[in-house]
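Participant: This structure is in C-alpha cells; I'll ask about it shortly.
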Amino acid sequence: MRGIFFIVSFLVLQSLVVSSSKAGPDFNFFYWVTYWPGAICDSQKGCCPPTKCNTESDFMIHGLWPQFINGTWPAFCDQSNLFDISKVSDLVSKMEKKWTEWGVYTCPSNETKLWEHEWDKHGTCVQSVFDQHSYFQTSLKFRQRFNLLDILRQKGIKPNGEFYGLDEIKNAIKCVIGFAPGIECNEDVEGKKQLFQIYICLDNHAKEFVECPYVPDKSCASKIKFPKLPKRDSLGESLSVMSSV
Ligand code: U2P
C-alpha cells in the first residue's frame, strides 16, 4: 500500500514539474529595437558630443521588449531581481560598444543607465525565457549576426544626410531577414523626418525572426533622412560629422 502511495506521489510530482517547465512565455513576441545615434544628435538642438572612443559607429541596441499581440506590453514585472552588473560582467565590453547609453549622444550628454532600465523594465518580464545574462547576450548575438548598417549600405542606403524611401529601407532589411521591420522616425532641427529606430520582430523565445503582428511605424514620411553620424573624437573636441560614410 505504502509503495503504491509513493509511486502515485512520484507520478503526480513529475507531471507538475513537466507541466510547469512546459509553461510558455506569457507574452506573444519580442521587438528587438536598435537606434541610429545620428538621429539623436540632430534632433537635439543640432549639436552632438563626440562619441566615446569605445562605441561603434553603427546602430546601437535600445532593447529587447516583450510584446502582447494587442499592441500593449508588460513592464517592471519583478522588483526582486533587479539589474546586477556582476551577472553580465563578461559582456560589458561588448555592451559598451553596441548597447551604448543613448544619453551619450544628447547635448549635453545625459547618461540614463540604459542597461539597468532595460532589464528592470523589460527583462524582468521575460524570466520564463531568459536570465539576466542570456537576455543581454541574446540581444548582442542578433547585433553580431545582423549588421543593419551593412545591410542598408549594400542597397546604397547610407548615413550621409540624404533622403531615402521608407519602403526602400524596409525592403533592404526584408531581403535579408525575410520580414519587413517597423521604422520610427524623429525630426531634425529643421523638422525633417529622419531614421531613428528600427523594430525587428522575433518569436517569443527570441530565436527566429517573425512577421510583425503589428508594425510599429511611427511618425515617418514616405522619404526620410538618414542622418550623418557624429565623428569619433578621442580628443574630446566639439562635434564634427562624418562626411565620407
Ligand atoms: O514608447 C516609450 C517606451 O515604451 C516602451 N515600449 C514602447 C512601445 C512598444 O511597443 N513597446 C515598448 O516596450 C519602450 O521602453 P523603453 O525601454 O525605451 O523605456 C519605449 O521607448
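Glycine is no exception: its Cβ is also placed from the backbone N, Cα and C atoms.
From TrEMBL, for reference:
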| type | residues | note |
| --- | --- | --- |
| SIGNAL | 1-23 | signal peptide |
| ACT_SITE | His62 | active site |
| ACT_SITE | Glu118 | active site |
| ACT_SITE | His122 | active site |
Participant: From the Cα of His62 (active site) across to the Cα of His122 (active site), what is the distance in angstrom?
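Facilitator: Per the Cα atoms, His122 (active site) and His62 (active site) stand 11 Å apart.
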Participant: Check His122 (active site) against DSSP and tell me helix, strand or coil, would you?
Facilitator: coil
Participant: Rank the active-site residues His62, His122 by how many other Cβ atoms lie within 10 Å of each Cβ and give me the one with the fewest.
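Facilitator: Checked His62, His122; of these active-site residues, fewest Cβ neighbours within 10 Å: His62.
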Participant: Across all the protein chains here, work out how many other Cβ atoms are within 10 Å of the Cβ of Glu118 (active site).
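Facilitator: Step by step: centre on the Cβ of Glu118 (active site), count other Cβ atoms within 10 Å, giving 21.
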Participant: If you measure Glu118 (active site) to His62 (active site) at Cα, how many Å is it?
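Facilitator: Pair distance, Cα basis, whole Å: 8 Å.
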Participant: What three-state class does DSSP give His62 (active site)?
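Facilitator: Strand, per DSSP.
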